[in-house]
Every structure is written in C-alpha cells, then in structure tokens.
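If you check TrEMBL, you get these features:
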- N88, R89, H177, A178, Y179, D246: beta-D-galactose binding site (BINDING)
- H177: active site, proton donor (ACT_SITE)
- E310: active site, proton acceptor (ACT_SITE)
Amino acid sequence: RFWGAMTEVKREVFGQMPREEGGGVVEKFVLKLDSVKVEILSLGCIIAALEMKGRDGEFSDVVLGFDTLEGYTRKHPFFGAVVGRVANRIAKAQPGAQEKDTVFPVTLLSMAHSLQVLWSPQVLPNSVCFFRLSSDGEEGYPGDLKVWVTYTLSGGELAINYRAQTSKTTPINLTNHAYFNLAGQGRSRRDIYDHEISIEADSYLPVDDTKIPTGEVASVQGTSFDLRQPVELGKHLQKFHLDGFDHNFCLQQVQARRLVARARHPPTGRAMEVHTTQPGIQFYTGNNLDGSLKGKGASTYPRHSAFCLETQNWPDAINKPHFPNTLLQPGEEYNHTTWLVF
C-alpha cells in the first residue's frame, strides 16, 4: 500500500492477457478517498470502476464495465479506455490531409483507434502514471510517440493528465471513453433519462450521416443543442424528437482550466462536474448500446443507459484548417488535463 495525502493507492493483479495478445499481467490500481473510489487498469488505462456516494451515504459504481479481464479483451465499445492517437472520427484520410508537406497515410480509419494495450504503470502520491511508446507507423501514424497518462485523486476530484512527445509531426487527440450512469451502473432503472445535463458551449459541430463534422460551426441558440441551462435528458430528447447525442460541443478556446459540463442525478443527489483545458467536449448518450453485453454483476447495458462527456480536440480537425490545430511537432509537448469533480 502507498499512502498519499489522504488518498490510499493499492495495486493488485487483475488478470493475465491471452498468449496470442502477448501475455502479460494486467494490474488494477485502486485510488480511494472517503467519498470516491476509482479503479484503473494497466490495460488501456481503463477506468474500470468509479464509486461515489449518494445523499443516502451509499456508494454506487457509476461507470459501465466488466468484472473480469475477459470482458475487456473481447469486442466492446472501449468502456473507460484512453483512446488515441486520434480519438473520434477522421474523414477517410486522403493524401490531401496535409500540412507543411506532411502527408498522412491513407490507413487512418474514420473511427477512433484505441490504444487498448498494456501500459507501464508507476505509483506516485495520490496517483498512478501510465507510460506507453507508440512506435513510428503504428496504425499508420508517423513518429515515435511517447505518451504519459496520469490519474490523480485528491480533494474529491479525479484529474486525468495527458502528455505526449513525438519524433515526427503527428496528429494527436487523446481522451477517456468512460460511460457514466450516476444512478449506478446496472440499477433497475437502466436509462439516463432522469439525469440533468448542462454544457457550457455556445456552438457545436453539425455532422453528416457518417457522423463526420460538415465543417460548419453552428450556434446552439434556439436549437436542441442549447444545453447552457440544465435539461432533463429524457424530456429534452422527447421534446426535440432526438435519437440521442453524439456531437462535439465547442468550448472557449483558452488553455486554462474551466468548468465545461455538469451532470446531476436528482433522485440520488449524485453530481459530477467536468473541467478541462481542451477545446471541445463530445457528448454521447450511449445510442449504440443494445443490451447485448454482459457487464458488471451480470448487468446488461441497453440503449441510453449511460453517457460520455469526452474532453478532446474537435473531430476531423486534421481535414479542417479552421478547427483547432491537432498536429504535434517534434520538440513540442502535448499537455492537457481534465478534472472530474464529484
């Protein structure tokens, strides 16, 4: 056991990777405070559990996931994982996606790649830092990319810091893909319709039918995307006849920490704020969940049973010069932090 300033950090073996995936031991790191407990795996830096107290003083696990390693090694929607090098969508990368004569290879796919691999962990006071070297050419991306992801639990908030350095110009956009349900995952009330959500964004990115941004930066004013005041999700989706959200909201373009979103579950009193240094946040309402996965405690996860608030750069920025820059140059450091405040 390691003791920091009130945060207890424990490490234990979670499982063994299958031999065909290189074997290797997957560890679980438990960061614990009086009011919050987080479990993180060395596989994909996955947030496997996040327990927080309700107003009744009872702890509930508010993220979707699996009880065993096997669940995470099979096909699943990357519950809780760190995704990169470029989270979110890139339009079919043509050789046209270039900047300063850098041509990115056609092998870039249009969906998020996940670095769902084993990372090297290091325990620090209040935190655990994971390191990984993504080698030149991995998944078609240029440059040896060194990545550090540090989870720190202190003062009732979980900070996730992402740092990266590259040997060649490369696009980068890292985020965490945790699926939240503040009622508690797997509860009898499975949907998130009774959650209140607000997002501090004056504009959002409309998408085409492949969910790639069209390039327009549209005002939220007078639309279903105006979440600047809290809305009750179920009623809001009904009112605007929406199937759900899977959109990037454009945040203030400042590198400083600021409050960007809030989720509240009035029945239990649980609430979570998202603060970040990132320029965007992807709000996703679990539209593709279909109840087919067996999650923790044999729960099933149907459509709209969780939400994601993923802080990141804007999707497809590599193809949209007017979007915030997503290229990391040698000698520079990518450095972003997101704080989940409980």
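One-based numbering along the chain as shown.
Every residue, even glycine, has its Cβ placed from backbone N, Cα and C.
Shown here: features listed in TrEMBL, placed on the structure.
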residue: A178; record: beta-D-galactose binding site; Cβ contacts under 8 Å, 6 or more apart: I47, L50, V63, F79, G80, C308
residue: Y179; record: beta-D-galactose binding site; Cβ contacts under 8 Å, 6 or more apart: V63, L64, G65, P77, F79, G80, G286, L289, Y301, A306, F307, C308
residue: D246; record: beta-D-galactose binding site; Cβ contacts under 8 Å, 6 or more apart: V207, K211, Q282, F283, Y284, T285, N287
residue: E310; record: active site, proton acceptor; Cβ contacts under 8 Å, 6 or more apart: A87, N88, T175, N176, H177, I281, Q282, Y284
Sparsest-packed of the listed binding-site residues (R89, H177) - C-beta count within 10 angstroms: R89
N88 (beta-D-galactose binding site) CB neighbourhood, other CB atoms within 10 A: 26
Max pairwise CA distance, angstrom, over record-listed beta-D-galactose binders N88, R89, H177, A178, Y179, D246: 18
